[in-house]
């Protein structure tokens, strides 16, 4: 039986040393599922609410005891004897129980922990790996996603003068996920050598990428190209580049303030700036190229480079199907970043991915800068029509855990394992 016998939550630590919530669901047959909730550093203003205690005398106000109490009290009582195999019904019950648009009463962290743990428990009850169980919900063909490997950190993820938050390599020319992971790892180590040779720091940021104090943003791109060549790969063929501009972080009074470039640009000027980069470098993906409230700028960027480059809405869409529909209807961007904690339940996460697929938008399953050893997002990426995954660099166990899970899944699939590769960019095929 997949009816819920017990729900239990606790406060644990994430990769930045901040508290987060972990939930466990036990079923009547003794099957058990556990999930930990991630947390972001740069967050969209329309994200579901992560409930924090606010008590400055404890964990500097970042404790999650209230969210834990909500799980162990109201949620556990309401869902006792509920059939966890009814994922949609369970998530609807959680949403109704919270009763707010942004999940601010019980906390999106409380709802998400239970939602994901329930899926783990049902998979265990059916003696299936999570990705296989989820694929029965999504009715999707399974595939190994292209990893978007964040090897240089800037912005809110590092203490340096780099404005852009992430510089990524995408090994699209590899024949398998395991080969793609090897390529990324070799480039990562090559980059460390290049940075040392330039007398730059090899300290890493929140997501495991290096965080050197470059003189400008473009210097980061040039250094990555050098590292790709040194590792024996060809940029533009084997390896493409991706950016997370996270432009909401430096958007102020209608201008984009680039400290690294000593420039203050209008939306039109910043679109020109990004378009010039696309013309000069093998860039295939730009995330949050414009600020989340600059819809006119987004429209302009989409018209300018949207047929050549994947334009990913993160802060723009916050994994919210209602907001995402506005983007689809207006032809804004051509891809969506999927973060489970931005929306707060598994069902809504899967709904956003399905919406993207129907609209020929690409979807990228993503971690957060505050992560744990939880690997759920790896299984979600395989079991859905998402063709890419963002889960950080090639160091820090909270990032590598997801890559290792994907290696396990690839091995389990055997000859049936398919790597998305160049086919990952579905929005550029229309």
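From the backbone N, Cα and C atoms, a Cβ is placed for every residue, glycine too.
When Swiss-Prot records 244, 314 as binding Mg(2+), the matching candidate from 219, 287, 348 it lists for that site is 287. Here is what falls inside 10 Å of the CA of residue 207 (active site, proton donor) among the binding-site residues 244, 339, 368, 369: 368, 369. Taking the centre of the Cβ atoms of 244, 287, 314 as the Mg(2+) site, the nearby residues of that chain (Cβ within 8 Å, site residues left out) are 165, 166, 243, 245, 246, 286, 288, 312, 315, 337, 390. Within 10 Å of the C-beta of residue 314 (Mg(2+) binding site) we count 30 further C-beta atoms, all protein chains included. Under the DSSP three-state reduction, residue 244 (Mg(2+) binding site) is assigned to strand. Rounded to a whole number, the C-alpha distance linking residue 165 ((2R)-2-phosphoglycerate binding site) with residue 287 (Mg(2+) binding site) is 10 angstrom. The two recorded residues residue 287 (Mg(2+) binding site) and residue 390 ((2R)-2-phosphoglycerate binding site) have their Cα atoms spaced 11 Å from each other.
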